[in-house]
Every structure is written in C-alpha cells, then in structure tokens.
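Before I ask anything, let me first share the structure, which is written out below as structure tokens.
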Amino acid sequence: NGLGLQNFPELKNDTFLRAAWGEETDYTPVWCMRQAGRYLPEFRETRAAQDFFSTCRSPEACCELTLEPVRRFPLDAAIIFSDILVVPQALAMEVTMVPGKGPSFPEPLREERDLERLRDPAAVASELGYVFQAITLTRQQLAGRVPLIGFAGAPWTLMTYMVEGGSFKTMAQAKRWLYQKPVASHKLLGILTHALVPYLIGQVAAGAQALQLFESHAGHLGSELFSKFALPYIRDVAKRVKAGLQKAGLTRMPMIIFAKDGHFALEELAQAGYEVVGLDWTVAPKKAREPVGKTVTLQGELDPCALYASEEEIGRLVQQMLNDFGPQRYIANLGHGLYPDMDPEHVGAFLDAVHKHSRLLRQN
C-alpha cells in the first residue's frame with residue numbers, strides 16, 4: 001500500500017511540517033481552512049460543472065480544486081479537497097448537499113436498531129478509494145511545492161450529522177442520544193472510530209504528509225459530555241492511526257486536532273496524542289499557551305471575519321497574533337474556514353503579513 005511513496009517529488013518547502021514537529025523555522029508557516037473554497041472565482045468555475053459529492057468523487061476535480069489556492073497564494077501547505085461526510089456515505093448513509101442549505105440526510109439515525117443499516121466499518125476505506133486517488137494525484141501535481149494535508153471528521157461531529165440529519169443550531173437530537181441512549185451512542189462512536197482509522201492510514205499511504213481531525217461541533221458539549229463522548233475517541237483515533245502507520249512501515253505524520261469551541265478541553269487535547277492543537281478565535285493566544293506549554297504546536301486562530309477589514313488592519317491584527325503566540329511551536333491559520341464572500345486580495349494580504357511579520361519577529 002505504501003510502496004508508491006518513494007515516487008513522489010522531493011518536498012521543497014517543509015516549513016509547515018517542521019513547525020508541526022516543534023522544530024525551529026525561519027518564519028511562521030500559514031495555510032487556511034477552506035482555502036479551496038467559493039471565495040475563489042476559479043473554484044466556482046471548476047465546481048459549476050457538477051454537484052458537490054460528484055466533485056468529491058472525481059480525483060481530477062479534487063486535485064484541481066486543491067491546487068488552485070496554492071497556485072494563487074504563497075501558502076505553506078495544501079489540504080485535499082474533500083468533505084468529512086464521505087465517511088457516513090461510505091457507511092451506507094445517503095447524504096445530499098442542498099445548495100444554500102448544506103448537507104441533508106434523508107434517513108437519519110433515530111433508534112439504536114438503525115445502526116444495523118450501517119456498513120461494516122472495516123469496509124469503509126475500500127469505499128473511499130476516490131479520496132486516496134485524489135491525494136496521490138495531487139501529491140504528484142504539487143511537485144513538492146508544499147506538503148499535502150489529509151483530513152477527516154471526528155466521531156462526535158460525524159455522529160451529530162448522522163443523527164440530526166443535517167447541521168442544526170442546538171444539536172438537541174444528537175445530545176438526546178448521549179443522555180437517553182449512552183450505550184447506543186458509544187456503539188456508534190466506536191463504529192465511526194473503526195471506520196476512521198484505516199481511512200486516515202490510507203490517506204497517508206496515498207501520499208498525505210499530515211492529518212487533521214475536525215471536531216467541528218465540540219462547542220455543543222460541556223466538559224463532562226466532551227470528556228465522555230468526544231475525547232476518548234479523539235485519543236483513540238490518534239493512538240490507532242500511529243500504531244497502524246508503524247505497522248504498515250509508513251512514515252510517521254504530524255496529526256492536528258481542531259476542536260472548534262472546545263477551549264474548555266485545551267489541556268486534555270494537548271495530551272491526546274496530536275502534535276498540533278488547532279484553535280478558534282474565541283481563545284486568547286497567551287491563555288491557550290499556558291495549559292499546553294511548549295509540548296504541542298498551536299495552530300490558528302485569527303477570526304475569519306477579520307479578513308473583511310482593510311489590508312492595513314489585517315496586517316496589524318496578524319502582527320498582534322504573532323507577538324502573542326511567539327515565533328516557535330506555532331502555525332498561523334484562521335480560527336475557522338474562509339467564507340464564500342471573502343476577497344481573495346485580503347486572503348493574500350493575510351498570508352503575506354504572516355510571512356513578513358514572522359520574519360521580522362525572529363530578527364528582533
């Protein structure tokens with residue numbers, strides 16, 4: 001499985017990987033969540049031809065969409081164009097993307113017996129060959145320019161979609177499961193963990209050079225529910241992926257955990273087996289550094305809406321952020337994905353400001 005690895009072009013810019021491992025870098029590396037997104041005119045053009053999940057299933061389309069922001073901007077990493085919901089799809093759940101509304105599951109999980117409808121999690125990776133093909137193709141096309149990040153959704157976040165049938169403000173149905181059906185909840189979270197581990201290992205075998213786990217709905221859980229229903233599975237994914245990579249003779253990869261609005265669990269996340277902890281903009285950099293120290297690299301956390309500000313103001317905000325995080329053990333990013341109405345010029349200004357100010361910071 002990992003035999004194709006040596007055929008990839010040599011990596012020219014490894015700043016992102018070095019920062020992830022905690023090594024010193026000449027400047028602070030930067031990338032953006034949803035950097036391949038609708039804010040780019042070329043993205044809208046490429047995407048116009050087919051519906052969302054058909055695009056996800058086309059390795060050529062995913063490769064092109066992944067490369068577009070890298071061609072345009074001085075990014076230090078690429079992240080494969082895909083979606084976290086390909087995993088529930090591979091578990092035999094129907095998911096459609098409704099324009100203007102988001103994902104929809106026509107038949108969400110309502111009762112414990114609905115879990116019997118799910119495909120064997122061991123078969124999931126074989127259903128997701130199109131993601132692996134997209135990663136291999138993209139890694140070749142990147143020609144070593146920057147590292148390629150693979151990703152997946154964390155078990156709790158995937159569970160919310162599968163039970164709610166979409167994305168809802170309160171996640172009341174999913175949380176009802178946690179309170180009323182704790183055994184079934186753990187069973188479902190276990191199934192998802194079993195599906196995710198070979199999927200993430202497969203991404204590395206296909207050419208991914210780092211992995212990010214998105215716990216996008218961490219904020220719906222308080223610390224007690226989080227430590228019961230999210231954290232154990234986040235830990236388990238990291239532990240099993242690392243063991244699996246070693247067993248398969250694959251290179252170890254830095255892993256990133258991004259638990260949005262999960263600031264109440266920062267200390268636990270820093271000890272969950274990931275090299276990098278992603279932050280959203282509600283966490284002050286200095287406050288985030290206190291509980292985690294220099295044991296992990298932090299990633300984030302500019303408010304994406306700051307990109308609506310003037311380029312001058314963006315520069316000032318970036319400078320402040322870099323000063324607060326310090327020069328080492330840090331990867332710059334936004335605290336969430338880019339929004340469709342953002343100005344690509346302002347995205348460029350953000351990236352340039354990170355590179356410029358982080359070099360100056362090191363000189364002083």
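Backbone N, Cα and C define each Cβ position, glycine as well.
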According to Swiss-Prot, ARG34, ALA36, ARG38, ARG47, ASP83, SER216, HIS336 bind coproporphyrinogen I; which one of TYR161, TYR179 is listed for that same site?
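According to Swiss-Prot, the candidate sharing the coproporphyrinogen I site with ARG34, ALA36, ARG38, ARG47, ASP83, SER216, HIS336 is TYR161.
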Inside 10 Å of the Cβ of ASP83 (coproporphyrinogen III binding site), count up the other Cβ atoms and send me the figure.
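The Cβ of ASP83 (coproporphyrinogen III binding site) has 18 Cβ neighbours within 10 Å.
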I'd like the Cβ neighbour count for HIS336 (coproporphyrinogen III binding site), meaning other Cβ atoms within 10 Å of its Cβ, all protein chains included.
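Here the count is 22.
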Quick one: give me the count of other CB atoms within 10 A of the CB of ARG38 (coproporphyrinogen III binding site).
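A count of 14.
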Could you tell me the C-alpha distance between ALA36 (coproporphyrinogen III binding site) and ARG47 (coproporphyrinogen I binding site) in angstrom, no decimals?
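On Cα coordinates alone, these residues lie 11 Å apart.
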